[in-house]
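Notes for the one structure printed next.
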Amino acid sequence: MPPERKSRTRRDRRAGATPGRKARPGSGSTPAKAARSSQRTQPAEPRAAPSAGSAAAAAEEEESRLRQRNRLTLEDDKPAAERCLEQLVFGDVEDDEDALLQRLRSSRGQLHGSSDESEVENEAKDIFSQKKKQPVWVDEDDEDEEIVDMSNNRFRKDIMKNASESKLSKDKLQKRLKEEFQHAMGGVPDWAEAGSKRRTSSDDESEEDEDDLLQRTGNFISTSTSLPRGILKMKNCRPANAERPTTARISSVQFHPGAQVVMVSGVDNAISLFQVDGKTNPKIQSIYLEKFPIFKACFSANGEEVLATSMHSKVLYVYDMLAGKLIPVHQVRGLKEKTVKQFEVSPDGSFLLISGIAGFSHLLSMKTKELIGSMKINGRIAASTFSSDSKRIYTYSENGEVYVWDVNSRKCMNRFLDEGSLCGLSIAASKNGQYVACGSKSGVVNIYNQDSCLQQTNPKPIKAIMNLVTGVTSLAFNPTTEILAVASRKMKEAVRLVHLPSCTVFSNFPVFKKSTLSRVQTMDFSPRGGYFALGNEKGRALMYRLHHYSDF
């Protein structure tokens with residue numbers, strides 16, 4: 001170090017230039033003693049009795065003075081070069097130590113303060129949690145006291161204590177119901193007591209998850225693709241034929257395969273088309289067939305034609321929807337039937353199957369309406385249906401036997417007796433090629449697997465539906481093969497919707513104690529399952545919206 005800087009440093013230290021340090025008159029022990037003696041010779045001023053705070057401050061000041069004295073003594077023993085180097089590297093040691101002590105004291109105080117605040121906060125939370133939660137808002141109508149008539153309800157009569165309680169307010173009725181519940185349960189159960197359970201770590205985690213759920217407004221759970229069993233969510237829509245009311249029996253109800261249109265026909269000789277919107281269902285047009293009470297009407301597979309038959313005629317009417325022409329087919333070459341009533345259209349639109357008398361089934365070309373071939377069973381035909389791929393025909397006889405035919409060869413592939421059936425009435429095949437349902441006169445519906453019907457001579461049904469007590473005259477699978485509709489025209493309200501594959505009946509249809517369906521004659525589902533329609537003997541085509549299916 002240069003001599004000038006060294007001498008300047010020593011001079012500044014001794015002159016008291018360093019802040020926060022008392023000036024020293026010189027080096028060595030003699031000046032220090034002189035300084036102390038000079039302090040003793042100063043006259044003492046009269047002071048009041050020291051308080052606890054002033055005593056603590058005086059003790060700290062004395063401690064600081066002793067540290068300074070020891071530090072100065074040590075610094076005097078160090079070489080000047082070492083003292084200068086420490087000052088350059090560490091700064092003023094005295095200031096740094098004082099600042100460090102001050103920071104330590106302040107941090108300790110903040111730590112105690114924060115702990116105290118946290119304890120106060122926890123106590124406040126405990127007190128707040130014990131308080132009863134108040135409602136977010138209060139409805140003025142709820143505050144008005146409403147009187148409940150106790151005598152008009154048999155359940156409320158049981159909780160009346162005397163005749164004077166024929167009318168009670170809502171609050172008193174609520175208290176009375178609570179008392180009855182507690183009496184039946186033997187006290188208040190744990191789940192009914194607010195705050196009775198202590199929160200565990202799992203409860204805290206679930207609460208955190210709930211908080212996370214409340215941070216978003218999107219959908220967390222997507223709609224299930226499969227239809228749940230038990231309750232079928234549905235809405236009663238305006239009748240399909242509301243704009244053309246009639247009192248004649250409805251014989252056929254069918255949805256158009258490609259357009260949002262429903263067809264309604266009946267014994268009043270009319271075929272009507274309606275636009276399906278679920279609200280007004282406006283009429284598109286009506287076709288009147290003179291002296292032709294319609295037994296059955298059906299769309300072609302492509303939806304371009306409507307076929308209709310009557311109860312006492314061998315004429316088959318074909319209505320061309322594109323051209324707007326009505327074409328009667330008076331005679332089919334090779335067909336010797338006196339009447340043409342029951343018929344089926346193949347799903348691929350290639351064939352037309354007509355059920356005749358004496359057990360004959362006649363297969364016609366849908367395009368030319370010419371006879372291709374005939375098939376015969378033992379006994380009379382009760383009902384027939386095509387498989388979903390149009391390669392097989394299922395014929396159900398009145399004797400309870402089921403015949404499986406190959407369409408191309410028109411040969412019988414298999415034949416079996418419907419289990420427990422003495423007289424067959426209806427048959428239907430599912431759209432996915434999995435099930436065959438047979439409805440008998442006893443009201444039993446047997447559901448079979450189609451593979452077992454082809455391979456076994458005595459197949460066992462998957463499930464026997466026994467919810468009806470009269471003959472099952474109508475069967476219909478929905479497009480997704482999740483619902484099987486069964487109905488009987490022999491009894492009012494005799495309709496059930498069966499869930500598949502559980503084979504359980506939906507409990508909410510039909511609505512209990514509401515005679516709105518009457519005697520159901522025909523049923524159908526819309527192409528994608530969004531609507532369900534049925535016609536009754538009173539001339540009403542009732543329609544329901546199935547909420548599980550978003551499309552028509």
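Numbers run from 1 along the shown chain.
Every residue, even glycine, has its Cβ placed from backbone N, Cα and C.
Feature annotation from Swiss-Prot assigns region 'Disordered' to 1-81 (among others).
Residues or ranges marked as compositional bias 'Low complexity' in Swiss-Prot: 43-58.
If you look up Swiss-Prot, you'll see 72-81 marked as compositional bias 'Basic and acidic residues'.
The SUMO2 cross-link annotation in Swiss-Prot covers Lys78 (among others).
Taken from Swiss-Prot, the feature region 'Disordered' applies to 104-143 (among others).
Taken from Swiss-Prot, the feature phosphoserine covers Ser114 (among others), and the record attributes it to a large-scale study or a structure entry.
The phosphoserine annotation in Swiss-Prot covers Ser115 (among others) and rests on a large-scale study or a structure entry.
Marked as phosphoserine by Swiss-Prot on the basis of a large-scale study or a structure entry: Ser118 (among others).
Taken from Swiss-Prot, the feature SUMO2 cross-link covers Lys178 (among others), and the record attributes it to similarity to another entry. Secondary structure at Lys178 (SUMO2 cross-link), taken from DSSP and collapsed to helix, strand or coil, is helix. In the shown protein chains, 12 other C-beta atoms lie within 10 A of the C-beta of Lys178 (SUMO2 cross-link).
The region 'Disordered' feature in Swiss-Prot is assigned to 183-214 (among others).
Positions annotated as SUMO2 cross-link by Swiss-Prot, on the basis of similarity to another entry: Lys197 (among others).
Sequence annotations record features per position, and here Swiss-Prot assigns phosphoserine to Ser201 (among others).
Taken from Swiss-Prot, the feature phosphoserine applies to Ser202 (among others), supported by a large-scale study or a structure entry.
Sequence annotations record features per position, and here Swiss-Prot assigns phosphoserine to Ser206 (among others).
Here Swiss-Prot flags 245-284 as repeat 'WD 1'. Within the chain carrying the repeat 'WD 1' (245-284), a Cβ under 8 angstroms from the stretch's Cβ atoms is held by residues 235, 237-239, 290-299, 301-303, 306, 308, 311, 319, 521-527, 531, 533-541, 543, 545, 552, all 6 or more beyond its ends.
Summarising the annotation, Swiss-Prot assigns repeat 'WD 3' to 376-415. For the repeat 'WD 3' (376-415), same-chain residues at least 6 beyond its ends with a Cβ under 8 Å from one of its own Cβ atoms are 342, 344-348, 350-351, 353, 355-361, 363, 421-433, 436, 438, 440, 450, 453-457.
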Helix, strand, coil: count each for the residues of the repeat 'WD 1' (245-284), based on DSSP.
-> 0 helix, 20 strand, 20 coil
What are the helix, strand and coil residue counts for the repeat 'WD 4' (417-458) according to DSSP?
-> 6 helix, 18 strand, 18 coil
Reduced to three DSSP states, the repeat 'WD 5' (467-508) has 0 helix, 16 strand, 26 coil
